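Undergrad: Before anything else, here's the structure in question.
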Amino acid sequence: MYLVESKGGAIGCMLLALFFLGTWPAVLTLLERRGRLPQHTYLDYSITNFLAAVIIAFTFGEIGKGTHDQPNFLTQLAQDNWQSVMFAMAGGVVLSIGNLSTQYAFALVGLSVTEVITSSITVVIGTTLNYFLDDRINKAEILFPGVGCFLVAVCLGSAVHSSNTADNSAKLKDSLREGNIVKPKDIESGSNSAEKLKAGSADFLIELEKTRAIKVFGKSTLIGLSITFFAGICFSLFSPAFNLATNDQWHTLKNGVPHLNVYTAFFYFSVSCFVIGIILNIIFLYHPVLNLPKSSLKAYFRDWNGRGWALLAGFLCGFGNGLQFMGGQAAGYAAADAVQALPLVSTFWGIVLFGEYRRSSRRTYMLLGSMLFMFIVAVVVLMASSGHRKQ
């Protein structure tokens, strides 16, 4: 079994996890904007997300010869460690529900703001819980100022969303006044596709509404924000649950039974994540939410449009979570929560791929720059707080 034993290795895992976990939401957002049903996308995503955990377990989890205190993956499957397994699977349940919720929040609230709010809730609640579960191995005088930086960034992120919403409303009003709105016949003929229109313009926003799967015009922002806050609470619980699964701080295991290694815990974690994701999305195929059209398993199997991207998103999320847990096992899960600065990556993709904040006001740009700066400070501070777990 391979273990990350150095602080540098742990930080390397966190940085890779930061990139992977900040990229997969952009892929799902891209597919939704192209009109693919989120139920279809999440079913594909769930398959490769679980496959990533299997690959990690049978490679890193089986490297070298295991010992009694640190058994390999396959050895642990037969041991009496069901208490820790339950903690790992509970973490998978809340993560799956949180990821599923954010898929809808991305459309209603926006990629960048959704990630900012969910990440900040995760840091404030989850990092605090992990700090005490980890027997305070992280430097509190550094860790909690980092948490404060996330709170400041969340306030700035909310201000960015408010300012950008006002900008978009002004664009639409100006276009209505000038009579420049794209006509329905132009949209249907394909002469004005979203790709050809200028990102951030009123015409672009209306064309996007025509092509996307989740229609957002006329929907209350309260619905989107409620889904986002709910997802943030789910995310804040999965890392502490995984921490309990691998370190048994509550002493639920029998004497002589070794703790779950990170790979075994991640496997069980991903099993429950996969099962919940499949069950809920099959239900949503036949009983969709947010006025989405009904679908079926037959329609899902026939839908190959964008399937490769959805499968890629699952791999990115699966390997991202695995790397986060590998780094957390070495440096402390509170410090590993620095990957919750993933809005840095998601905002980059949002601007480059989707034209978020294009043609916005100077006020919006200033707020956006300030938010990104605070996230950079936050991730540096949280990584600096990392300690080293005693084996």
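Each Cβ is built from the backbone N, Cα and C atoms, and glycine gets one as well.
When I checked TrEMBL for this same protein, it listed these features:
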- 6-30: transmembrane segment (TRANSMEM)
- 42-61: transmembrane segment (TRANSMEM)
- 81-98: transmembrane segment (TRANSMEM)
- 105-130: transmembrane segment (TRANSMEM)
- 142-161: transmembrane segment (TRANSMEM)
- 222-245: transmembrane segment (TRANSMEM)
- 265-287: transmembrane segment (TRANSMEM)
- 308-327: transmembrane segment (TRANSMEM)
- 333-354: transmembrane segment (TRANSMEM)
- 366-385: transmembrane segment (TRANSMEM)
Undergrad: Given the cut-off of 8 Å on Cβ pairs that are 6 or more apart in sequence, determine whether the transmembrane segment (265-287) and the transmembrane segment (81-98) share at least 3 such pairs.
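TA: Yes; at least 3 Cβ pairs under 8 Å.
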Undergrad: Decide whether the stretches the transmembrane segment (81-98) and the transmembrane segment (222-245) have at least 3 CB pairs under 8 angstroms, with pairs required to be 6 or more apart in sequence.
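TA: Contact between the transmembrane segment (222-245) and the transmembrane segment (81-98): present, because at least 3 Cβ pairs are under 8 Å.
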Undergrad: With pairs fewer than 6 apart in sequence excluded, do the transmembrane segment (142-161) and the transmembrane segment (308-327) have three or more C-beta pairs that lie under 8 Å?
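TA: Per Cβ check, the transmembrane segment (308-327) does not touch the transmembrane segment (142-161).
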Undergrad: What residues elsewhere in the chain lie close to the transmembrane segment (222-245), defined as a C-beta under 8 angstroms and at least 6 residues from its ends?
TA: 84-85, 87-88, 90-92, 94-95, 97-99, 101-102, 104-105, 107-109, 113-114, 117-122, 124-126, 129-130, 133-134, 260, 265-266, 268-269, 290, 324-325, 328, 333, 336-337
